[in-house]
Structure formats: structure tokens, C-alpha cells
Ligand SMILES: Nc1ncnc2c1ncn2[C@@H]1O[C@H](COP(=O)(O)OP(=O)(O)OP(=O)(O)O)[C@@H](O)[C@H]1O
Ligand SMILES: O=P(O)(O)OC[C@H]1O[C@](O)(CO)[C@@H](O)[C@@H]1O
Ligand SMILES: [Mg+2]
């Protein structure tokens, strides 16, 4: 027997209802409570279901949480020749996905998320659906594929013909025209980089956006974007719920930096890592063709260095990888200059990969700090690639007797403007279809994504509460250090402090 639990602001779990409606029926998702506070997380308590042996389901909202007596319909997929032959095509209502899969004999079962996929009954009639798609934030390979697959998924699986493209990000809801998206219109777009809808930063005006949704009669909103976009989606959902509208809000996480928590990986990341290989190869060729050659490649990664880390691990030609999570220093014993000198003496060349967000604290020490932000409020970073190139050149020309040849390749935008590769295309298709199935089934206020290989519906608050970062005391970073032989730039004291911080975080 499962029970609904609400976690209060002070973190105390309170069991307030209990029934087996979920197993039997399709309309029981009560217990989603509003406390009338100021912010989203205060206003809307997480929907948590507890079960035996420490099982916890962090469930997503459902339209029936705040609209009573919604009619349901047979899922049209039942009659679709492609899907009707699948033995168990519909997801069992009780299916959930475990967040943690490495467990001990006596571990509690832990946190789970609702499994994504088609449900036997849906909450929208096909001809009732008016969907819209919006893309926000920076570009990422695969945006067009997700757009294509939402349109085609709605059309081919659910006979939905009315899909609007919102042009130019969130502000497009109230300041731009829309595009009508049909399978024919989107047929070839996955072969192109960027987003056919355009994107923007800033311009999130919740009231105007929800007014526009209401005025246009939209009842399914598909929102593609990174952490900022998902925060925006969470407040749109909250306003829709406050107005009592039958509108499903589905987020699809887009981040080339792979900085969204909970999910295994974000789409476009693999493509970006693959694209980075070409530049690393070029840097390696340049470096090996000249005496004391240094190839320096700058990659994206504002706060999270995953692209740099994976590109380094994949290449095996990289001698040093610098990421935002791992502070480094230039001068003195154990510093970068010393390591470069050692490497050049040993090999005659070296390749350095640097993420854009690495060493920002060093830059602000040496350059006068310009505290600028983009339209969304993200800090504008200074160009660490140019800065570090100059510092290395200065060091070797002034303080060391070694003549070096440094070639700098700034790959920032090259890795995100390309179309997605084959595996990202398949990933984007699954994400889009999972989002469509979720919205049709009446789920709302969720982001879709793979958790331990299975697609799940994850409540917004879990996606936006923190950023996914490289943990430099994890095995993956150790693998990287072992592959490059670079110094960790950490003292034993730093390692202990970082471990304590992680333990506190995991508690
Ligand atoms: N806290 C927030 N509340 C409401 N809207 C937000 C919030 N943060 C960001 N947004 C809106 O979300 C959109 C995208 O945000 P942002 O520019 O930070 O990109 P992102 O989605 O994080 O993508 P990325 O950083 O990966 O490029 C912008 O229109 C911005 O106004
Ligand atoms: O120049 P823009 O479009 O603001 O985007 C740059 C930022 O976008 C990101 O790629 C995230 O999408 C960051 O890595 C980078 O700092
Ligand atoms: Mg962001």
C-alpha cells in the first residue's frame, strides 16, 4: 500500500492520505498541495509517495490534481499498426525508475521517478490538442530533431494536427508571430544545426506568456532549454495551475554543457564531444609539427567541464585538461608552467584543453573584473583561452629560456552549431516521444530525461535545484588525471575538504 507524503518547508515528512486509487484508476493524483507561499518551491509542495522498504516516488503533477472529473480517452496508439503488435506497449501505471542503482543488500529502495512512456488512457482527444513548442537559451545540436519528433510524434501517434512553433524563445509568446508546424514542414530539419524556431535569453514574463497560451487556446506546451529555461517552465506551470487551466507543461532538457542534474546525459553532448575531437586532432598535428609546439583548445563549459573532460578522455592526445570545477595555478612548484616545461622537455610538444569557465578566479585577479551579465542574468565570462595563451607566451619568453610555439583554437561555437550526430538523433527522438506521451497522459510540470538508461518524468524542482558538475574526487576525474598525467593542482587538504563537502551534500 502506498501513501502520499508531503514534505514541509522544514523537511519534515507528513503522511496525509493513503489509497490504492493509482493502481485501480486513472484519476487519483491528489495530494499536490499549495501552501500559498512566495516562491515555487514554497508554493507547491513536492508530490512524494512512500512505499515499503524505503521506497520513495518523487512524482510529477497531473492535470487531475487541480481539475476534477477530467474525462479520459482510449489511447489512439492502440489502433496504430506499428505499435499495436508490441506485446506490452503501454507503460504499467506502477512502473517507476530508480535514481540509485548501485545498492547494498540492506539499502533502502530509495528515490524513484515515474517511468516515461505511453499510457492506456489519455486526457486529451486528438482534435482537442493545440500544442506549442519553444526553444530558449543557447544553441545545442539536436534542437531541430526534438522539434521534428514532437511534431511527428503528435501527428503520427496521436493524430494531433495543430502544433505551433513559438518564434524566438520565451519572449516570442507575446512579441512574435508563430509558425504552424506540420510533419511536411519539419521533415528535413534534423539535418540542420541551430533551431528553426530561433531562441533568446531573457524576456521571461510569466503573466504575458500564460496570457498568450490562454488566448491562443494552447493546451500542451513543450519547452526546450537549459537550467534557466526549466526554471521558467516551472513558473509557467505554476501560473497555469493557479489559473486552473487544462494545459500540460513538458520540459525537455537542453544543455550542451551537460549541467542538468538527475538525468544521465543531455542531448547534443555526444555530438559536441565528437566535434571537439576534430579540433584536438588539429591542435595535436600543429603541436607535433614544430619544436616545443603547444596546441591549446578552448571548449564550452560555463560551470561544468564535462565537454572538456570527455573530449580529453576520448582523444588521448591531451596532456592537460582544465575545467571550472578544478582550480589550478600557474606559477611555482606543482603549477601549470612547471608542468608545461616538464612535458615539453619529455615530449617536445603538448596539447591543452580548457573549458571556458576554467580559471575565472585567476582572470579576475589579473584583469580588472567586469561584472557583466547576459539578458538571462548569467555571468558573462572573460576569455580564458586568450588570457592563458598570453600568460604562457609571456612566461616562456620572459622567465624561461625555452622558445615555444603556441597555437590557440577557440572551438566554442563550432561544437554547438552543428547538427546532431546519429546517436543524438535517436536520443532526441526518444525524448520528444516521451514528452508527448506524458503530456497526452495528463502529466504536467515535468522534465523528461534518462535516469539510469530509462526515460522518466522528473518534477521541475529536482532539475532546477542545483547544477550537475564534474566531481573531482570521483573516479572519472581520476581516470582523466591518469590519462593526461597532469598535476591535480590539489593539496591533500583540498582533497579532504572536497570530500567533506560532497559527503555533506549527499546527506
Ligand atoms: N529563474 C528564472 N525564472 C524564469 N525564467 C527564467 C529564469 N532563469 C532563466 N529564465 C529564462 O529562461 C530562458 C533561458 O535561460 P538561459 O539564458 O539562462 O539559458 P538556459 O536555458 O539555462 O540554457 P543554456 O544556459 O544551456 O544556454 C530565458 O528566456 C530566461 O529569461
Ligand atoms: O554566447 P551565448 O549564446 O550566450 O552562449 C554562451 C554560453 O552558452 C553555453 O553553451 C550554454 O548553452 C555556455 O557554455 C556558454 O557560456
Ligand atoms: Mg543555463
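Glycine is no exception: its Cβ is also placed from the backbone N, Cα and C atoms.
These features come from TrEMBL:
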ACT_SITE  257  active site, proton acceptor
BINDING   138, 201, 202, 226, 227, 228, 229  ATP binding site
BINDING   227  Mg(2+) binding site
BINDING   255, 256, 257, 300, 301, 302, 356, 413, 414, 415, 416  substrate binding site
DOMAIN    131-437  domain 'Phosphofructokinase'
SITE      228  site 'Important for substrate specificity'
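A gap of 20 Å separates the Cα atoms of residue 201 (ATP binding site) and residue 414 (substrate binding site). Neighbour counts of Cβ atoms within 10 Å were compared for the binding-site residues 138, 202, 226, and the top value is held by 226. For the pair formed by residue 226 (ATP binding site) and residue 255 (substrate binding site), distance between Cα atoms is given as 5 Å, rounded to the nearest Å.
All protein chains considered, the CB of residue 201 (ATP binding site) has 20 other CB atoms within 10 Å. Proximity of the binding-site residues (226, 229, 416) to ligand 1: a Cβ under 6 Å from the molecule is found for 226, 229.
In this structure, the C-alpha atom of residue 138 (ATP binding site) lies 12 angstrom from that of residue 301 (substrate binding site). Ranking the recorded positions 227, 257, 356 by the number of CB atoms within 10 A of their own CB puts 257 at the top.
Cβ contacts within 10 Å of residue 229 (ATP binding site), excluding its own Cβ and spanning all protein chains shown: 29.
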